[in-house]
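Colleague: Below: one structure in structure tokens.
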Amino acid sequence: MASQSVVEKTRTTISSVSKDEYGSGDSASAENGFWGKLRAVEGNDVKRGMQSRHLMMIAIGGTIGTGIFLSAGSAVSLAGPGSALLSYFVVGLFVYTVVITLGEMSSMYPVSGAFSIFGARFVSPALGFTLGWNYWLQCELTAAAVILQFWTDRLQPWHWAIIIIVPVFALQLIHVRVYGESEYWFAMVKVLMIVLFIIVGLIFDWGGVKGHPGPGLSNFHNGQAFIGGFASFAQTFVFAFFSFGGIELVAVAAGESAKPYKAVPRAIKATFFRIILFYILTILTIGLCINNSDPTLLSAAFDSDVTASPVTVVFVRAGFGAAAHVVNAVLLTAVLSATNSCFYASSRMLLSLARSGHAPRVFGWVNSRGVPVLPCCKLSLAFSCLTFLTTIWGEGIASPLLVWTSIGLISLCFRQAYKAHGLLLSDLPYRQPFYPVLPIGVITLGTLMFIAQGYAAVRQEPFEARNVVATYIGVALYIILYSGYTLYEKFILKQKYHFVPTAGIDFVTDAVWSPGEGAMIREQDLRRRKEKVLSESQPGLARGKAWIKRHIY
């Protein structure tokens, strides 16, 4: 009864916000405006076919891309192993904080649009529009052409881009379970490779390879740990951000998870171990095994030489002569995985934009298997175009950093409104610790990293305006999208308020359970787990309970 009263209170509060109070109303404006809004149709929605193990593996290794294999050594070369380790630790702490704040909302409201939907619902429609389109434009396809050139240079990069797109595109058309399963095994290959690299690297460093005395801690001595000053240290953040890209994919995939209120908290915990194992220990191993003056560290990233990858170099020096081909095969797996994830995230983001009225309604339809076919078709062309564009203008890290910083702002607004509606924090499947320290920390660290990136771009020698443009082109896009939608909202939709009123925020739609039901559902799950453990440990007792149910009840 208590939970029902809370639900009715929430619905009454939401319905009390009239269209006159909030302009023409978000729903009405989306339906009658230029973009159009797709009304929910029964059966016309994505399927919750992704299992918990899929989401777990996506969190652990799903977004490990070419950055950790190719670019990590450049951070060691530019600023020394100490600076590289510190920058990866700071960025790792930053992105883990982002995952925690985003996971709190995604576990309660598992929707494919994730932060785009949350931005529109808890802050302003303009923020949701900006985040959705900004995120949709990101991709990693350029790396596919670079790596495949190691095997043959007879084809142009865009040829290889098409070769990558076709099989990945075919996977996306089948079912979300196919994406989850393929990503599970892609991630498994990368995880095993990283674990093997760390083990072999530490054995090599400790002198465990016959005929090769280990360097030990020599690369951290005699002033080699920190070199190049603050400008070089700031530059290492570029490589760190490139390695951590896609960390928010767990929240996007939660929209098609079978049990998001269980899977998302587990994935958040797995993300912590991913950061420690696959980034911090990897950078430490590279710094221990390879001196910062070694020319192979820079050639791996800037010359796209897979034979000079720090992973390959360590394996070769440890006695594995065919390591270059093995590492290149794993890198190809990483590219396929990154492209697969990018296709998935982009198509779901475009779908959510259409459902929110921020994109043409034709992109909001899905087939009987719950796959947004039309967005996937359009994305194949978009990816080919973006591959060409990124080779001209380079790849900045401002776009993901803007998304991550905005998540901190959304988290603050979400908690403030959640409390104002009189809802219980105990209802949240996952509650972030130390609130409001974490979202404030996300905003603060994000701002400082923007400043550091600008400083590094300006101080880089020789100075090139192209580097500054590549660093901040995402900021210009962000401002254009936000300002453009704000003007559209004011002059076309005729809305009086830019920000969503606290009383008008909807906390019922898309929730995993109604307000007040969280404790009861958790208790039921705990009881079922205890019964399962009891039945597995005492099969005779389980058969007795089954007989009683059949013959007495």
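Using N, Cα and C of the backbone, Cβ positions are placed for all residues, glycine too.
Straight out of TrEMBL:
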DOMAIN    54-495  domain 'Amino acid permease/ SLC12A'
TRANSMEM  55-79  transmembrane segment
TRANSMEM  85-103  transmembrane segment
TRANSMEM  115-137  transmembrane segment
TRANSMEM  157-178  transmembrane segment
TRANSMEM  185-204  transmembrane segment
TRANSMEM  224-251  transmembrane segment
TRANSMEM  272-293  transmembrane segment
TRANSMEM  313-339  transmembrane segment
TRANSMEM  371-391  transmembrane segment
TRANSMEM  397-414  transmembrane segment
TRANSMEM  434-456  transmembrane segment
TRANSMEM  468-488  transmembrane segment
Colleague: Is the transmembrane segment (55-79) packed against any residues at least 6 beyond its ends, judged by a Cβ distance under 8 Å, and which are they?
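Modeller: Sequence-distant neighbours of the transmembrane segment (55-79): 87-88, 140, 143, 146-147, 180, 183-184, 186-188, 190-191, 194, 226-228, 232-233, 235-236, 239-240, 242-247, 249-250, 253-254, 257, 263-264, 266-268, 270-271, 273-274, 278-279, 282-283, 286-287, 290, 292-294, 296-298, 300-302, 304, 306, 308-311, 327, 330-331, 334-335, 337-338, 341.
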Colleague: Which stretch from 272-293, 313-339, 397-414 shares the most C-beta pairs under 8 Å with the transmembrane segment (468-488)?
Modeller: 397-414
Colleague: Give me the stretch from 115-137, 185-204, 224-251 with the greatest number of Cβ pairs under 8 Å to the transmembrane segment (85-103).
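Modeller: Out of the listed stretches, 224-251 contacts the transmembrane segment (85-103) most.
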Colleague: Going along the chain, which residues at least six beyond the ends of the transmembrane segment (185-204) come within the CB cut-off of under 8 Å?
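Modeller: That would be 57-58, 60-62, 64, 68, 212, 214, 277-278, 281-282, 285-286, 288-289, 311, 314-315, 317-318, 320, 327, 330, 333-334, 336-337, 340.
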Colleague: I need to check the long-range neighbours of the transmembrane segment (115-137): which residues 6 or more away from its ends have a CB within less than 8 Å of a CB in the stretch?
Modeller: 26, 102, 105, 109, 248, 251, 345-346, 349-350, 352-353, 356, 358-359, 386, 399, 402-403, 406-407, 409-410, 413-414, 417, 474, 477-478, 481-482, 485-486, 489, 498-500, 505-506, 510
Colleague: With a Cβ cut-off under 8 Å, give me the same-chain residues at least six positions beyond the ends of the transmembrane segment (397-414) that come close to it.
Modeller: 94-95, 97-98, 101-102, 104-105, 115, 118-119, 122-123, 127, 131, 134-135, 137-138, 237-238, 241-242, 245, 248, 432, 436, 438-443, 446-447, 449-450, 453, 471-475, 477-478
Colleague: Taking a Cβ cut-off under 8 Å, which residues six or more beyond the ends of the transmembrane segment (224-251) line up next to it in the same chain?
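Modeller: For the transmembrane segment (224-251), the nonlocal Cβ contacts are 55, 58-59, 62-63, 65, 67-68, 71-72, 74-75, 78-84, 86-88, 90-92, 95, 98-99, 102-103, 105-106, 114-115, 138, 140, 264, 267-268, 271, 279, 291-292, 301, 338, 341-342, 344-345, 395, 397, 400-401, 403-404, 407, 449, 452-453, 455-456, 459-460, 471.
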